[in-house]
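Undergrad: The transmembrane segment annotation in TrEMBL covers 6-25, 32-56, 71-90, 117-135, 155-179, 186-205, 211-231.
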Amino acid sequence: MTLAVFFGCTFIAFGPALGLFLFTIARDPLRIIILIAGAFFWLVSLLLSSLIWFIAVKASDPQDEPLQKGLLIFGVMFSVLLQEAFRFLYYKLLRKAIEGLVALSEDGCSPISIQQMAYVAGVGFGLMSGAFSMINLLADSLGPGTVGIHGDSQLYFLTSAFMTMVLIFLHTFWGIIFFHGCEHRCWWEIAAVVIMHLTVSGSTFCNPLYVGSLVPSYLVMATAAAWAYMLSGGSARNLRRFLLCLQSGASPQLGS
């Protein structure tokens, strides 16, 4: 493997997320705090789920392959449920934070809305998830091994990078949908996020048939993106006007 593979996979996995951070979060200290706290909540959920899975593996027969595979599936599904549980806990914490900000402000308004918090928290979840998904793979991509030397797919690092990118975006969209469901007590939206998360995580068991994991994941991402866009106040008319402005070379004006 070469440095080109390392940097290529790095930019594929984290380039779009880095753009989100630089253009929408980096200039606001409050958003940075919310992002870091969201990453911490995801990290704690991973720690607890890893601990449960580790105890289950140590307490079982390591020679029983069907049992070990079942424990792996259980660990993934349990981790998904725990992540969503911590997303809910984070929503409750941010809800309390908004109430405190309103009480302290002079005009009685919060400096950040719950929709903005949902977006930033989702990016925090996604960035930490992506970091843990790719950090070891990026280290391995520097060599000295060679991918596919025994007849396996040589696209392992590339497909992992694209999967990491889609997971970062999905966590961002899921955060918006999940927080909207909590805010308006639309529990079916919360259930939909959990089901989508389980579906994407479950599709990774199709690997090394990467089409079986990437295609469903990107279809789920497209669905979640459209859903989050609509919940955030977007519409087909606004999107069409934005695209027309880009084609004409005019600068889109932000709404008041």
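Each Cβ is built from the backbone N, Cα and C atoms, and glycine gets one as well.
TrEMBL entries are annotated by machine, without manual review.
Note that this is a predicted model, so its numbers are computed, not measured.
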Undergrad: Any residues 6+ beyond the ends of the transmembrane segment (155-179) with a Cβ under 8 Å from its own?
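TA: Same-chain contacts beyond the ends: 1, 5, 8-10, 12-17, 20, 38, 84, 87-88, 91, 114-115, 117-119, 121-123, 125-127, 129-130, 133-134, 137, 141, 147-148, 189-190, 192-193, 196-197, 200, 204, 208, 210, 213-214, 217-218, 220-221, 224-225, 227-228, 231-232.
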Undergrad: What parts of the chain pack near the transmembrane segment (117-135), using Cβ distances under 8 Å and only residues at least 6 beyond its ends?
TA: 9-10, 13-14, 17, 20-21, 24-25, 31, 34-43, 46, 83, 87, 90-91, 94, 98, 160-161, 163-165, 167-176, 178-180, 232
Undergrad: Can you work out which residues elsewhere in the same chain, 6+ from the ends of the transmembrane segment (211-231), have a Cβ less than 8 Å from its Cβ atoms?
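TA: Hits for the transmembrane segment (211-231): 159, 162-163, 166-167, 169-170, 172-174, 176-177, 180, 196, 199-200, 203-204, 239.
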